[in-house]
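Beneath this line is the structure, given in structure tokens, with notes to follow.
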Amino acid sequence: MGNQELEEVFVAVIRPKNTTSLNSKEYRAKSYEILLIEVPLEGKEKKRKKVLLGTKIHADSDRTKSILEFVDETTKPISNNQGIIGKRVVHMRKFLLDGDSGGKEASLFIVPINVKDNSKSVHHPGSPSFYCLQDIMRVCSETSAHFSSSTSKMLLALDKWLAEQHTVPHAIPALFRPAPVDRVKTNVSNPAYAVEKQTDGTLHMGYTALEIKSKLMSLEKADLCIQNPLYGSDLQYTNRVDKVIINPYFGLGAPDYSKIQIPKRDKWQHSMTSVTEDKERQWVDDFPLHRSACEGDTELLSKLLDGGFSVKQLDSDHWAPIHYACWHGKVEATKLLLEKGNCNPNLLNGQLSSPLHFAAIGGHAEIVQLLLQHPEIDRHIEDQQKRSPLQVCEENKQNNWEETVNLLQQASNKPYEKVRIYRMDGSYRSVELKHGNNTTVQQIMEGMRLSQETQQYFTIWICSENLSLQLKPYHKPLQHLRMWSEIVTDLTALDPQRESPQLFLRRDVRLPLEVEKKVEDPLSILILFDEARHCLLKGFLSTSDNKLITLASLLLQIIYGNYDSKKHKQGFLNEENLKSIVPISKVKSKAHHWTNRILHEYKSLSTSEGVSKEMHHLQRLFLQNCWDIPTYGAAFFTGQVFTKASSSTHKVIRVYVGVNTKGLHLMNMETKVLHLSLEYGTFMWQLGQADQYVQIHSLENKKNFVVHTKQAGLIVKLLMKLSGQIAPNDRAVSDKYAYG
């Protein structure tokens with residue numbers, strides 16, 4: 001017994017903050033808490049780091065029992081000496097350990113526990129505590145000083161694992177379901193069941209058939225047997241309830257029965273009516289916009305919309321105002337919500353039914369026609385049972401259902417609305433929106449009629465004058481266009497009325513430079529060239545004067561063809577022509593001093609026999625000269641840096657924060673001078689409080705920089721993806737705006 005091999009294990013005890021997060025398909029780290037313990041750093045008693053619970057168990061023992069007992073014992077100091085009872089033990093995977101245990105492996109086990117209650121936990125020094133998982137993940141990286149390296153690796157893997165589980169139907173509810181022993185209500189043993197193993201040769205039965213029958217009859221006699229059709233099948237079930245009613249008097253003790261007055265029988269029905277009336281009155285008070293839409297009161301509806309009531313608000317039944325208007329056939333109310341309220345015509349209720357479904361169910365042909373005329377309508381939208389509006393109309397056959405069916409059938413044959421997808425040279429392609437404003441980035445990319453090879457280099461961006469965001473494949477660009485004012489307000493201090501968004505086909509910020517260097521397709525090279533030229537002229541490619549002159553001469557060769565001494569004299573490069581080949585920030589300050597050098601290099605390039613004059617070869621040569629520029633291929637964010645102007649005052653410098661596959665770059669917004677360029681591995685970052693700033697620490701010169709920006713959350717998430725801390729296509733970090 002004493003020589004049993006011990007296995008090192010780590011335990012992640014997690015609990016949800018509330019029950020609603022268990023049924024969400026979207027993973028949010030802030031919905032969970034994790035149990036960590038603080039330990040002092042070696043040789044630094046005052047500095048501490050957080051680690052996961054860890055222990056050693058016998059390799060051949062019952063792991064589940066050992067780990068649950070360890071959690072129970074470890075958590076007694078923080079739960080009034082009662083300990084925390086885990087629901088189950090789930091083995092996630094094994095990890096290689098660092099430090100003294102280098103080369104060894106340790107398993108990470110997940111122990112889910114009950115939803116967080118409102119009782120305050122007792123804090124004891126040296127005991128574990130619960131922390132919000134989102135707060136932990138914000139500062140977690142494999143090089144973070146806040147955690148041991150093993151804990152960092154495990155936390156990053158746990159975050160990714162939880163995100164994956166949220167995409168699997170019923171996985172999260174099953175993880176936090178009560179333990180099997182807690183779900184057993186009654187256990188009845190068959191008295192005829194023989195516990196002893198039957199010996200070969202002779203058949204021995206403990207009871208005769210008559211004795212068995214009499215014993216079973218004495219225990220329980222079933223008059224009717226109904227078999228559960230789900231038993232033994234692979235069908236998933238859910239424990240979701242339709243409605244919960246809590247007795248307000250529960251827990252108040254026994255009532256004084258002498259004071260209870262039973263009303264006369266003729267008043268019983270009236271009392272039930274009163275309860276219903278109270279509920280209806282409460283609904284009217286809480287949701288006036290819903291009531292006015294339900295009744296078709298357009299005058300009140302208009303006033304409420306002017307007063308700022310949201311058309312997206314869902315009531316206690318998870319319906320929005322437009323659902324009531326369509327259900328009850330209120331044409332003018334529906335029109336007002338769509339036009340004045342700018343309501344999404346594809347807005348879903350809690351059961352995933354759309355306004356078009358509600359209008360089709362009721363056979364309200366006029367409303368169906370109104371919705372089908374909306375430019376953003378999704379004609380092919382499906383409800384929770386995968387039924388189209390046409391199907392539900394034919395199933396219910398209400399009111400003018402035949403006319404409604406004709407309208408829906410005609411709509412399926414009509415041409416689709418289109419959206420313009422621009423390229424950086426100003427050209428565009430119109431793409432059909434087969435699903436209205438439910439059309440995703442992935443579907444638009446397929447509609448661009450690009451080859452599979454070309455598609456992998458580019459994606460859809462939404463851009464206005466001062467804000468550009470790369471969208472994720474599952475994002476719905478038309479909905480981003482609709483809510484652009486809100487996005488601009490959330491991410492900047494700009495006036496949203498001055499920002500007009502458009503959709504662009506641009507280079508994917510996640511595209512590795514090694515992959516781009518292998519691109520041979522002329523169309524892909526052209527699109528990459530147009531974007532690189534745009535960035536150069538805007539001043540985003542900060543590099544040496546010599547490099548800028550080389551790029552300018554290449555642009556002259558691409559635009560004007562071979563050098564002609566009669567046409568391309570010194571006066572040829574006036575200010576207007578310079579703007580098409582030189583960064584705008586250099587046109588007035590330096591470009592006039594470069595004209596001779598640019599023309600000389602242009603002439604050399606034209607007469608050089610070693611350089612192909614094929615257009616896509618010249619464009620590729622231009623890209624080759626851009627690849628070693630630090631900021632090439634970066635996504636740019638805006639922010640402010642405070643520097644000391646004197647001992648008592650601070651100077652505010654507005655900066656661009658560039659993030660690409662190379663690292664992070666700070667550029668002066670006014671002068672386009674590159675202040676800082678750090679490669680991954682040479683710096684650390686930390687997201688500030690309320691996502692309002694990001695702190696950057698250079699490992700080489702030990703300097704700290706703080707960039708104040710509303711886009712700090714986006715910057716950190718993109719840094720994590722491009723540095724490899726989270727997978728590029730991982731949805732583990734939920735972000736409603738950008739950078740997939």
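Heads up, the Cβ atoms here are built off N, Cα and C, so glycines get one too.
The annotation region 'N-terminal domain similar to Nudix hydrolase domain' is assigned in Swiss-Prot to 1-168 on the grounds of similarity to another entry. Look at Swiss-Prot and you will find 284-313 tagged as repeat 'ANK 1', backed by sequence analysis. Taken from Swiss-Prot, the feature repeat 'ANK 2' covers 317-347, and the record attributes it to sequence analysis. Positions annotated as repeat 'ANK 3' by Swiss-Prot, on the basis of sequence analysis: 351-381. If you look up Swiss-Prot, you'll see 385-416 marked as repeat 'ANK 4', on the strength of sequence analysis. Taken from Swiss-Prot, the feature domain 'FERM' applies to 417-740, supported by sequence analysis.
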Residues outside the repeat 'ANK 2' (317-347) whose C-beta sits under 8 Å from one of its C-beta atoms, at least 6 past its ends, are 289-290, 292-298, 301-302, 305, 311, 353-356, 358-359, 361-362, 364, 366-367, 370-371, 374, 376-378, 381, 399, 436-438, 479, 482
Given the repeat 'ANK 4' (385-416), its same-chain partners at Cβ distance under 8 Å and 6+ residues beyond its ends are 329, 354, 356-357, 359-365, 368-369, 372, 379, 432-434
Other same-chain positions with a Cβ less than 8 Å from the repeat 'ANK 3' (351-381) and lying at least 6 residues past its termini are 318, 322-323, 325-331, 334-335, 338, 344-345, 387-390, 392-393, 396-401, 403-404, 407-408, 411-412, 417, 433-439, 478, 482
In DSSP terms, the repeat 'ANK 3' (351-381) comprises 15 helix, 0 strand, 16 coil
